[in-house]
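In what follows, a structure is listed as structure tokens, so that the remarks can point back to it.
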Amino acid sequence: MKILSAPQIKECDQTTIRTGISSIQLMEKAANACASWIVNNMKNIKKVQVFCGKGNNGGDGFAVARLLYEKAIDVEVYIDRGKQDFSEDAKINYKKIRKNSGIVFKYFSKFLPDNNENSLIIDALFGYGLNRNLSGRVKAVVDQLNSSRQPKLAIDIPSGLYADKMTDDNSTVFKADITLTFQFYKRSFMHPETGRFCGTIELLDIGLDQQFIDDAKTDFFVADRQMIRSIYRPRADFSNKGTFGKSILVGGSYGKMGSVLMSTLAALRTGSGLTFTMAPDCGYGILQSQVPEAMFVNSGDNYIDKLEIQEKSVYGIGPGLGKEKLTQQALFDFLKSYKNPVVLDADALNILAESKKQNLIPENSVITPHPLEFGRLFGKTHDSFERLDLAKKKAKEHQIFIVLKDHHTAVVTPQGQVFYNITGNSGMAKGGSGDVLTGIITSLISQKYEPESACILGVWLHGMAGDLAAEQFSKEAMLPTDLIHKIADVFKLLSK
Ligand SMILES: NC(=O)C1=CN([C@@H]2O[C@H](COP(=O)(O)OP(=O)(O)OC[C@H]3O[C@@H](n4cnc5c(N)ncnc54)[C@H](OP(=O)(O)O)[C@@H]3O)[C@@H](O)[C@H]2O)[C@@H](O)CC1
Ligand SMILES: [K+]
């Protein structure tokens, strides 16, 4: 699914209006979608307090207030004091409810929190038209709303949040529990500094012009189910283990054998035909007993000091590798003579960063850094938007795929496209989760998925396995090894 920028969404809005529906009808449709969602999904809500701005987001708010009132919900509408130069459609909806004696009108300054879980705060102050930080009376009321214990819902975008960019440090943003957004995810929903204000995100389809959406140019996408289904290839019949490629997981050192063990298991569970682990001898017993399906290649004593090149294989290098001098040399020698795509993670990336040998990464390879590893490789950035911009630049420069791990991991391609992942949860923020991802992506590439598809599908599978693990074990108790077991259920879901 495409992510459009605020100006593109505005254009899409206008194109939709030119091709049949009037703007006031579109607002009514948007408001109807919100009101129905609230009525169907928040059955305990008896009262709403709707905060409306002067633009079309405020217009949505007035219309939602009216529609909820018609559903026998108590409604209070809050507006700013002073002259209200409402947008045309906001004015129409404002006038409609002004006539309604049952709806209570108040200024922001008169707000008193209900602190009642049956009373919902609705933020319809600003949507994608926000053009500066909240200040004055509107900032004061949003600060007050944020400290209320009532449930909070934002229409389209939590007010104070820009659709496509960072907010300034310490600026005020409405902290929603739920965001009902129209048709598109916004980039700011995907980044940790800004996404934390959105709560649960629900996309409401309001029938915007499909031709415009199809033609719109963007570098940003959300990897949704539809995209994942188009990438996933069910396992072919009439095949043998050779059909499904050869994965070689490289890593492990004394005390860190679990990492490469988890990568190996994940590669197998993702369907790798032949699977090898290249690890030091101290891991021999552990690996052969814990994962008998994989073959062991002795690559050192307590750490890796040589890296054998095998033909027709895909290498996933890094988990538990350590940074011994001889390990470093083995990695450099390997990368100097191996020109096929590899998957690099963890200490493989740290070694390249410390020695400034990023240029050794073969073209079309995949690297899977978390923010700190990315910073070591390519330099520090101020925030996750800047980090993503730098990742786009570096992916192009090195012609590699960068899987930038975060709450919403982003896959960045050499063409500068970005695919945000929306599966996964905070239970995965534990040592070992990354090792599982390395195994998954390596395995998919060995099964002849293009690196781009392998990254997008791999990250999605990994997150989905995490979501199923959280459901069964809780975010606190789930383990990276649980993700490996849940891969089976994710494939079952995919093949339904
Ligand atoms: N296709 C769709 O998606 C549909 C979209 N719809 C809805 O329309 C929304 C977009 O509406 P919009 O363009 O009128 O912008 P919106 O955010 O309401 O208001 C901006 C106004 O506020 C002002 N202003 C800005 N920042 C400010 C600040 N910090 N503090 C104070 N004032 C500030 C600024 O005016 P200014 O003061 O700069 O002159 C501007 O006039 C969208 O999010 C969705 O909810 C649906 O109705 C139908 C389908
Ligand atoms: K809003």
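Heads up, residue numbers simply count up from 1 along the chain you see.
Cβ from N, Cα, C; glycine included.
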Of Gly375, Gly379, Gly434, Gly439, residue recorded by TrEMBL at the AMP site of Lys405, Asp406, His407, His408, Thr409: Gly434
Record-annotated K(+) site (TrEMBL): member among Asn44, Asn56, Asn57, Asn240 besides Asp123, Ser159: Asn57
Listed in sequence order, residues with CB under 8 A of Asp123 (K(+) binding site) and six or more positions away: Phe51, Val142, Leu145, Lys152, Leu153, Ala154, Ile155, Pro158, Ser159, Phe174, Ala176
Rounded inter-Cα distance in Å - Asp406 (AMP binding site), Arg132 ((6S)-NADPHX binding site): 27
Length of the line joining the Cα atoms of Lys405 (AMP binding site) and Tyr128 ((6S)-NADPHX binding site), in Å: 27
DSSP state at Asn56 ((6S)-NADPHX binding site), helix/strand/coil: helix
Surrounding CB atoms that lie within 10 Å of the CB of Tyr128 ((6S)-NADPHX binding site), all protein chains: 26
Contacting binding-site residues, sequence order - Asn57, Asp123, Ser159, His407 vs ligand 2, Cβ under 6 Å: Asn57, Asp123, Ser159
Binding-site residues compared (His370, Lys405) - highest count of Cβ atoms within 10 Å: Lys405
